[in-house]
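I have placed the structure first, in the form of structure tokens, so that the comments after it can refer back to it.
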């Protein structure tokens, strides 16, 4: 049974604050193990990768090879069911089109003083995409991570994916082909992150690593950050649904369970202004759980971290939503557009009863790599801007230097940086005391 909170209860603020700080992940202290793996890969390169892959994934690179061949990708595409391949193509087309609208433009201009200023955008040289294996091997995530990089103009996109026994989900390889990724290695874990960051005899290093993974992958990303950039450290998935009584309870229950089935640590929250509707949704959740293939996972998520929050009116719902800062926010009310301007903290907003969050997971076009664990308060979902860099541009002529130089000299000397001051003064023939 999910937790039940009522805005009008005297204990609500205390209970809600406690709810916000509920820990949904079991912390594993894997830093020492990960550091040893990273150091080993840096020291032994391919040999270390071969050893770890044999130990953890049962792979013999002398048989399978480390790199996935183009022929293997071709075969994978033929192995994917036609309806799945068609759906991946629909998703890829929409994701690429939407992300093209995110491309920033250079802005070079001259101000009233005649000083040239501006910003220039360039793609990152090389990006590494980590794709989880096993039950978390999602081809849709390949598209979501790789296509924005392709749109940004990243010239080299590398994919690593753990391959138990050497095999990789064919749909994952098909998605890679659709996204233009051809450099793929069957490695995973902290060792794959280390290889991407520092390089080996076979794998050239990249400049940034993106993609989710387990505790070892997350720890490795943290440890290599600074040598390379990273996207984010993703936590369990979450959804907040704000819904009125005019919704079908089964629809809302299905949306809640769509998140709950991801992980026992996932979180699904309903905010409603109608207690009877909240009851109906809870009953619908219990009913639908009986037929879900991943019922055990979804039930644990709903039991341990789910919530139904009753508010007297939806004016109270929006401030609560901003405090929760959910990864996904569904607005299933009579006038959802009226709420949108007041929503400040959400990874993605899904507007109206006919916009289930799942459409955003796959074929909507927006990205499903979003900030979790309340990090939407200060960060954004993955997009083209994650794969480009902004360089500032500045140009002065002699006239502009004469105008601005004295102020620069004064500020430099006020900070005790005489060499800074002289760098300008020498151009103005002011001497050391100028």
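Any Cβ shown, glycine's included, is placed from N, Cα and C.
Feature annotations, courtesy of Swiss-Prot:
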- 327: active site, proton acceptor (ACT_SITE)
- 328: active site, proton acceptor (ACT_SITE)
- 130, 191, 214: NAD(+) binding site (BINDING)
- 237, 259, 262, 328, 361, 415, 420: substrate binding site (BINDING)
- 259, 262, 361, 420: Zn(2+) binding site (BINDING)
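Where Swiss-Prot records a feature, it is marked here on the structure.
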residue	record	DSSP class
130	NAD(+) binding site	strand
191	NAD(+) binding site	helix
214	NAD(+) binding site	coil
237	substrate binding site	coil
262	substrate binding site	coil
327	active site, proton acceptor	coil
361	substrate binding site	helix
415	substrate binding site	coil
420	substrate binding site	helix
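Checking Cα-Cα distances from residue 327 (active site, proton acceptor) against the binding-site residues (191, 214, 237, 361, 415, 420) with a 10 Å cut-off leaves 237, in sequence order. Here the recorded positions are 262, 328, 420, and the one ringed by the most other CB atoms within 10 angstroms is 328.
In sequence order, the recorded positions near residue 237 (substrate binding site) (Cα within 10 Å of its Cα) are 328, drawn from 130, 191, 214, 328.
Excluding the listed site residues 130, 191, 214, the same chain places 132, 160, 162, 188, 189, 190, 192, 193, 213, 216, 217, 220 with Cβ atoms within 8 Å of the centre of the NAD(+) site Cβ atoms. Looking only at the binding-site residues 191, 214, the densest Cβ neighbourhood within 10 Å occurs at 191. The number of other CB atoms found within 10 A of the CB of residue 237 (substrate binding site), across every protein chain shown, is 24. Spacing of residue 262 (substrate binding site) relative to residue 328 (active site, proton acceptor) is 14 Å (Cα to Cα, whole number). Ranking the binding-site residues 259, 361, 420 by Cα distance from residue 130 (NAD(+) binding site) puts 361 first. Considering only the recorded positions 327, 361, 415, the Cβ with the fewest other Cβ atoms within 10 Å is that of 415.
Within 10 Å of the Cβ of residue 259 (substrate binding site) there are 29 other Cβ atoms, across all protein chains.
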